[in-house]
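Can you keep this structure in mind? I'll have questions shortly.
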Amino acid sequence: MKIASWNVNSLNVRMPHLKQWLGTAQPDIVALQETKLEDAKFPDTDIAALGYRCVFSGQKTYNGVALLAREMPVDIVTDVPGLADPQRRILIASVGDLRIANLYVVNGQEVGSEKYKYKLDWLARVTDHLGNEAAKHKNLVVLGDFNIAPEDRDVHDPVAWHEQILCSTPEREALKRVESIGLVDSYRHFDTEGGKYSWWDYRQAGFQRNRGLRIDLVLASDALRPRLAAAHIDLEPRRWERPSDHAPAILELNA
DNA sequence: ATGGTGGGTTACCCA
């Protein structure tokens, strides 16, 4: 069972990449972020032709999340209590015996800004709801673009990024509160090394120089721990022409 | 310290 998270930065532009990647990587479940498509324009019939059913919560121009699976995801949540948010950033659904929460966490722009406050508030509200989900569903996977590098070993230049957006202490503490509901960063379950990233700035040849951050995470609940088989980041689609600035983060689970 | 690239749009946009 292969579960992936991929910020595609416009599904319109990245549909050929998605198609290619689904064909070669053969994931079972894929969480997409930044689809930037309103629901009426979501290419669900094209995706069905590739062998995946999908659910989605999108908007024009910004944000947008989707979940692809071999079978239709059910029991969908796109809005959480206490968060009247027009921005489409969360999609929770059940696939088989798994509960999957796909997050496109707010970027936050700059530490101390209004968007930064929104980021921390959004995460606090979502964390509360994830606690409710965890209480109801023992097999919980929380994945997505967290827009937070958990630790300095997830950052190419920790000095330059010290207390900057995506790396500040309040953001890292907020991520720890998500994990405190009983979730493990599956990548770190297998690999303690640094230098492995999931996002590289388009500017200044960030990817070619591996100047990146690991901000795309797949968290798995404690009940899933015995089933963790492997975790990695697939750099291949980041090398393709006109790529997303993110690479897919993958967790493999034993049946 | 600034700005660079790329998505979207025509915004003092967002990443």
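Using N, Cα and C of the backbone, Cβ positions are placed for all residues, glycine too.
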Which one, A:GLU34, A:GLU38, A:GLU163, A:GLU173, is listed by TrEMBL in the same Mg(2+) site as A:ASN7, A:ASP145, A:ASN147, A:ASP245, A:HIS246?
A:GLU34
Starting from the Mg(2+) site formed by A:ASN7, A:GLU34, A:ASP145, A:ASN147, A:ASP245, A:HIS246, give every other residue of that chain whose CB sits within 8 Å of the mean position of their CB atoms, in sequence order.
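My list of surrounding residues reads A:ASN9, A:GLN33, A:TYR104, A:TRP199, A:ILE215, A:ASP216, A:SER244.
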Do you know offhand how many angstrom separate A:ASP245 (Mg(2+) binding site) and A:ASP216 (site 'Important for catalytic activity') by C-alpha?
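Computed Cα spacing between A:ASP245 (Mg(2+) binding site) and A:ASP216 (site 'Important for catalytic activity') is 11 Å.
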Any idea what the Cα distance is from A:ASN147 (Mg(2+) binding site) over to A:ASP216 (site 'Important for catalytic activity'), rounded to a whole Å?
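Roughly 7 Å, rounded to the nearest whole number.
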Give the residue from the binding-site residues A:GLU34, A:ASP245 that has the most other Cβ atoms within 10 Å of its Cβ, counting over every protein chain displayed.
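Selected residue: A:GLU34.
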Return the count of C-beta atoms lying within 10 angstroms of the C-beta of A:ASN7 (Mg(2+) binding site), excluding that atom itself.
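Around the Cβ of A:ASN7 (Mg(2+) binding site), 25 other Cβ atoms lie within 10 Å.
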Would you mind listing, in sequence order, the residues at least six apart from A:HIS246 (Mg(2+) binding site) in the same chain with a Cβ closer than 8 Å to its Cβ?
A:TRP6, A:ASN7, A:VAL8, A:ASN9, A:ASP145, A:SER198, A:TRP199, A:ASP216, A:ARG238
